[in-house]
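Features reported for this protein in TrEMBL:
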DOMAIN    12-110  domain 'FAD-binding FR-type'
BINDING   R61, P62, I63, S64, I78, Y79, R80, G85, T86  FAD binding site
BINDING   C230, C235, C238, C253  [2Fe-2S] cluster binding site
Amino acid sequence: MNPTCKKRLGAIRLETMKVVAQEEIAPAIFEIVLEGEMVEAMRAGQFLHLRVPDDAHLLRRPISISFIDKVKKQCHLIYRIEGAGTAIFSTLSQGDTLDVMGPQGNGFDLSDLDEQSQILLVGGGIGVPPLLEVAKELHARGVKVVTVLGFATKDAVILETELAQYGEVFVTTDDGSYGIKGNVSVVIKDLDNQFDAVYSCGAPGMMKYINQTFYNHPRAYLSLESRMACGMGACYACVLKVPESETVSQRVCEDGPVFRTGTVVL
């Protein structure tokens, strides 16, 4: 086993967390609230690796952390039913438990931002949830938060009201059924503001756009989604190439899921 994996295994946490609540917030999209000691170590932009409570599904499912309440020792996760494993998660209710590994990943860098700062959040679809904790924490410091969200259609819109508590929110839909017709680029190209930091999470096409648009920005970040097996960097199932290198790579689970723009090939 390589040294990085040994270090990771030494720091990893495994906990049986309690389900406090769960509800369907949009078609096939669920918000689940978990409670446990692990919450004290969580940071914005990290994810949890959840074991499916069914012996037929061996691989854990990575789900990003949407909201952290360290006082109550609770965290909120939002996920979409993609297959049999996540369908089983959706049947859980108050009092059930989940085998959780985490918190995983590097998370977003929220340092050196204050009431003189202005940041841009860009989220798409099921990539929106991890941005909620970013907005909450930075708004509490007096940072001005501008959010641009993209969805396929009106029925898919999530977290608009929650994010609006922390700043101005623009919503786009591909079909124009809600908000502004088009994708997030329609809004972003007309924003004249100079942002001190940019935080984003969404589908591959959106991430490519953010990577290109803010390629040389010193503090623009991409939170990337990937299929994972081990979640600890050992299996190399979630590898990304690095610009101008044929030998160096980055793992979404271990080196990410957050990367600065311009540092990985999308």
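Glycine is no exception: its Cβ is also placed from the backbone N, Cα and C atoms.
Taking the features listed in TrEMBL, we show where each one sits on the structure.
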residue: R61; record: FAD binding site; Cβ neighbours (10 Å): 21
residue: I63; record: FAD binding site; Cβ neighbours (10 Å): 23
residue: I78; record: FAD binding site; Cβ neighbours (10 Å): 22
residue: R80; record: FAD binding site; Cβ neighbours (10 Å): 16
residue: T86; record: FAD binding site; Cβ neighbours (10 Å): 18
An 8 Å radius from the center of the R61, P62, I63, S64, I78, Y79, R80, G85, T86 Cβ atoms defines the neighbourhood of the FAD site; name the other residues of that chain inside it, in order. L50, L77, E82, F89, I126
What average pLDDT does the predicted model assign to the domain 'FAD-binding FR-type' (12-110)? 96
According to DSSP, which kind of secondary structure is R61 (FAD binding site) found in, if we only use helix, strand and coil? strand
